[in-house]
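J.: There's a structure below that I have some questions on.
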Amino acid sequence: MSGKPKRLMVMAGGTGGHVFPGLAVAHHLMAQGWQVRWLGTADRMEADLVPKHGIEIDFIRISGLRGKGLKAQLSAPLRIWHAVRQAKAIMRNYQPDVVLGMGGYVSGPGGLAAWLCGIPVVLHEQNGIAGLTNRWLARIAKTVLQAFPGAFPNAEVVGNPVRTDVLALPLPAERLIGREGPIRVLVIGGSQGARVLNQTVPEVAARLGDKITLWHQVGKGALENVLRDYERVGQTQHKVAEFIDDMAAAYAWADVVVCRSGALTVSEIAAAGLPAIFVPFQHKDRQQYWNARPLEEAGAAKIIEQPQFNADVVAELLAGWDRPTLLAMAEKARAVAIPDATERVAAELVRVAK
């Protein structure tokens with residue numbers, strides 16, 4: 001790249017679903033010579049995670065408004081105004097060529113500050129239903145991108161940027177053909193676990209016995225109780241962990257996944273090429289349900305709403321899927337994936353920054 005390097009500011013925070021896709025795009029552009037800084041909040045996961053990836057981070061003070069009491073609601077305009085002022089000072093100091101909003105509380109004041117400073121804003125919506133912040137910012141953004149169809153009526157569908165180690169996995173036909181033995185079931189409820197999965201899956205193991213083998217991520221603080229449940233039903237042979245560090249290895253091992261349907265999880269499962277049983281978290285706007293719908297419609301997954309999620313239903317479903325069926329579902333999942341999502345988002349940032 002000739003001349004002065006282009007500068008990107010990424011606005012993302014709160015959860016891995018916002019932060020990890022932002023990191024994927026940041027690393028891609030850094031490899032092309034771009035300078036990248038991050039806008040976040042000091043009390044959320046980005047504060048520790050982003051610097052570990054070699055990216056400097058600036059902080060503003062902002063928190064969510066949903067579900068807060070009357071006093072917090074009344075003080076919200078003042079808090080937002082202060083956050084916008086902080087973000088404007090950061091933008092003027094760094095002078096980015098373009099700002100990427102990936103969602104989270106920080107994107108609202110950050111996006112407004114960028115717009116007030118005349119800096120173009122590119123939004124990326126990870127979920128099938130747009131979040132409140134992105135719905136508002138879409139009015140002032142230069143470009144709106146979406147991972148799944150339907151979040152915004154006219155936005156380009158580019159997928160979710162996912163980790164390179166997941167994209168590097170062998171295709172389903174290479175990975176799954178020739179496998180024998182029990183069906184390998186990977187159970188993941190996110191880094192915090194999911195109580196309904198932890199309570200139900202040991203009972204599924206009891207019903208299916210040696211027809212399946214499990215690798216179960218239970219989440220922080222749940223390991224002892226879940227191990228006790230497996231012991232109670234005589235199923236101590238399964239691999240149970242508080243947290244799985246190498247998700248690519250877990251996806252490579254699995255024949256099928258049982259999990260929540262957060263945006264990043266759904267996108268990783270599609271990129272890996274895996275069948276899934278999705279149990280959407282019960283959001284008011286059914287965000288996780290709509291994330292999972294494209295894979296269910298493609299014949300690659302089954303959605304079980306939480307009130308209907310029980311050991312009998314799951315055991316019957318898994319027992320009905322033989323290896324040829326699982327391979328066909330895996331290939332359908334991979335066909336839905338958008339493996340070049342990172343490149344698509346980066347290309348739009350390059351275009352807007354010219």
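Residue numbers in this text run from 1 along the chain shown.
Backbone N, Cα and C define each Cβ position, glycine as well.
Sharing the features that Swiss-Prot gives for it:
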type    : residues                                                                                                    : note
BINDING : Thr15, Gly16, Gly17, Asn127, Arg163, Ser191, Ile244, Ala263, Leu264, Thr265, Val266, Ser267, Glu268, Gln288 : UDP-N-acetyl-alpha-D-glucosamine binding site
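If you look at the structure here, what lies around each of the features I listed?
T.: According to DSSP, Val266 (UDP-N-acetyl-alpha-D-glucosamine binding site) is assigned to a helical segment.
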J.: Once the chains shown are all counted, how many other Cβ atoms turn up within 10 Å of the Cβ of Leu264 (UDP-N-acetyl-alpha-D-glucosamine binding site)?
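T.: I count 23 other Cβ atoms within 10 Å of it.
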J.: For Gly17 (UDP-N-acetyl-alpha-D-glucosamine binding site), name the DSSP secondary structure in the helix/strand/coil scheme.
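T.: Its secondary structure by DSSP: helix.
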